[in-house]
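**Student:** Got a structure here, written out as structure tokens. Questions coming.
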């Protein structure tokens, strides 16, 4: 007891001697509002804190009001933008460089005097101590509090506004403390500046955090792209032009079933904009809808102005035309393209190199990691999948973020950096696809605008629904069960949006733009082939064709076991395949007539954009991708436009066996015959080409069975029983039904 009293007296003495002790707690005590006696109402802990809060002149109310005051309002979209939030606001592993602050000049040290007293660290002032304690309190304060709703900051979800209305917070009130459950702060209501967007990863984040996600993308663009750092050229100016463009071309989607199903929906509706893995970059970028042009293109002010002017010229056909200002040779790289990594782990970097390797394998374009040059590309793991278009000067970016981890998506974004736009923006797209505008998200119509022939360079190649640069079927859809792009020929629906490989036309465009002078000697290549810039002695052939001049079927993974040349005759022929190989078949009619193909059976994994598939090329131009089938719901009956047709079976990327049955004949008007006995070639297993199908028996089996003596004599019971048993056993062995049919 005496020890306790002694400790208590020592504590009181320390209080008297501490000159700054009461000053440190002065902000917690009641001020002009009347203060509060901490022991006046000791019935509850919550009451104790309420008394500490005091009146309007001081207490925890004033302290927490400062700690929880609304952050600065976002800045308006315009040519200049305020810095976006720092990296700590986001779940990322990259290091986005912050804008460099102006360095302060270090004070010149004074020369020490011989008789000068030693210099010690100056003690903190009262104000510094108070501020330090406030910072600690903001971090560790356990109080439960409720926010009096005040007008939310004015923001439009993609850039901070500079002239936001001032918001004066009302005093905070406190609810009784309830241990251990802590209440959460109510998020601010969406401001009138625009709808909110759902973040890339599905969460229940507040609109303020969603605005941060988009602001982070703008910070990335400003940090990694030199093209947007000059005055009136930053991405804020681009977005101002882009939003005006979207509003000008928006159709409103006011009619049709899609409009009725989507009544009341808006661009910012959260469920509609959550990320969706559809195998394309558009699915991963849903949260950035209308913040990037056509979902994944970072344009310069010059490029965006050209698009706006072209849209105006399209509505005024008598005006002056702008030519080739946004793509093609205007933004072509000069030689080897330097690139650098910013952050990322080894697996992510390997994926980038594989995507670049797809282009290097098929073209003369080469990429140099950390190579020299003032113009270069920075790969980083950003807010989504997006890229600059063409060479824009200085450093430019390609973001391969979470959800974009596919080498086909990498190849797509690299295609943009080489100077190419989306395939469906070509002027001739209406000959191949149809837009279902009723199902397009309202306000995103501008992402489907066609370019004019004056704006683009098609490099003399036809439209290709199988291009790696083509939108998928569900681009900008308000309902994932409904497609927005429908192919005119329904058989090609499973072809668009593929990200498995570069198409022949993708490669040919790049080679014509970058490699046209590599091979000085022309070759008489067939079917649209051309000298291969990686080997000028042979032709670069369309998919499915090979040989020096593209005159025969290309070799598959096992050319000796599947693939080759087939001849169509006046009689039906049939092929049944089962395995996991890539095979290429060329079917030709020797008399110059057309070829009829019938696909009667198919076993592949069904997908919106086929990964493993049967591809049939039956048109006159073998450069274009054929129609790909992986979802079998009907028999495909095709007649070729010429005397040849190609069948490509792609199954080497799957871990299961695929199978299909194909019949062909020289087209002469004959009806498809009933199924005949066929030979099923199963690589690596026993093959019996004489076996019948469906237990009906073939010619050889029936001949063997009929050659057995049939004894049915009641006077010879032993021989009769032996004959019946032998006939039954042999029929079972040969796969023939026991009724003899």
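Each residue, glycine too, has its Cβ placed from N, Cα and C.
From Swiss-Prot, for reference:
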type     : residues      : note
COMPBIAS : 71-85         : compositional bias 'Low complexity'
COMPBIAS : 97-118        : compositional bias 'Low complexity'
DOMAIN   : 324-516       : domain 'Peptidase M12A'
DISULFID : 364-515       : disulfide bond
DISULFID : 385-404       : disulfide bond
BINDING  : 412, 416, 422 : Zn(2+) binding site
ACT_SITE : 413           : active site
DISULFID : 519-539       : disulfide bond
DOMAIN   : 539-550       : domain 'EGF-like'
DISULFID : 541-550       : disulfide bond
DOMAIN   : 550-648       : domain 'CUB'
DISULFID : 562-583       : disulfide bond
DISULFID : 610-630       : disulfide bond
CARBOHYD : 633           : N-linked glycosylation site
**Student:** Compare the Cα of residue 583 (disulfide bond) against each of the recorded positions 412, 413, 416, 422 and report the nearest.
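**Tutor:** Going through 412, 413, 416, 422 one by one, the closest to residue 583 (disulfide bond) is 412.
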**Student:** Counting other Cβ atoms within 10 Å of each residue's Cβ, which of the disulfide-bonded residues 562, 610 comes out lowest?
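**Tutor:** With the disulfide-bonded residues 562, 610, fewest surrounding Cβ atoms within 10 Å: 562.
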**Student:** From the recorded positions 412, 413, 416, pick the residue whose C-alpha lies nearest to the C-alpha of residue 385 (disulfide bond).
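**Tutor:** Result for residue 385 (disulfide bond): the nearest of the recorded positions is 413.
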**Student:** What's the CA to CA span in angstrom from residue 630 (disulfide bond) over to residue 413 (active site)?
**Tutor:** 26
**Student:** Sorry to bug you, but what's the C-alpha spacing from residue 416 (Zn(2+) binding site) to residue 633 (N-linked glycosylation site), rounded to the closest Å?
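**Tutor:** That comes out at 36 Å between the alpha carbons.
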**Student:** So, three-state DSSP: helix, strand or coil for residue 539 (disulfide bond)?
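**Tutor:** Looking at the DSSP assignment, residue 539 (disulfide bond) belongs to a strand.
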**Student:** Excluding 412, 416, 422, which residues of the same chain place their Cβ within 8 Å of the centroid of the Cβ atoms of the recorded Zn(2+) site?
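**Tutor:** Along the chain, the qualifying residues are 281, 294, 296, 297, 387, 413, 415, 420, 421, 468, 469.
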**Student:** Whole-number Å distance between the CA of residue 562 (disulfide bond) and the CA of residue 364 (disulfide bond)?
**Tutor:** 31
**Student:** Would you please pick out, from the disulfide-bonded residues 385, 404, 519, 583, the one with the fewest other Cβ atoms within 10 Å of its Cβ?
**Tutor:** 519
**Student:** In sequence order, which residues at least six apart in the same chain have a CB under 8 Å from the CB of residue 541 (disulfide bond)?
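**Tutor:** Expected: 504, 525, 527, 529, 547, 550, 554.
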**Student:** Of all the recorded positions given, namely 416, 422, 515, 610, which is spatially nearest to residue 404 (disulfide bond) at the Cα level?
**Tutor:** 416
**Student:** Express the distance between the Cα positions of residue 416 (Zn(2+) binding site) and residue 539 (disulfide bond) as a whole number of Å.
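**Tutor:** About 26 Å separate the Cα atoms of these two residues.
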**Student:** Cα of residue 515 (disulfide bond) to Cα of residue 422 (Zn(2+) binding site): how many Å, rounded?
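**Tutor:** Cα of residue 515 (disulfide bond) to Cα of residue 422 (Zn(2+) binding site) measures 21 Å after rounding.
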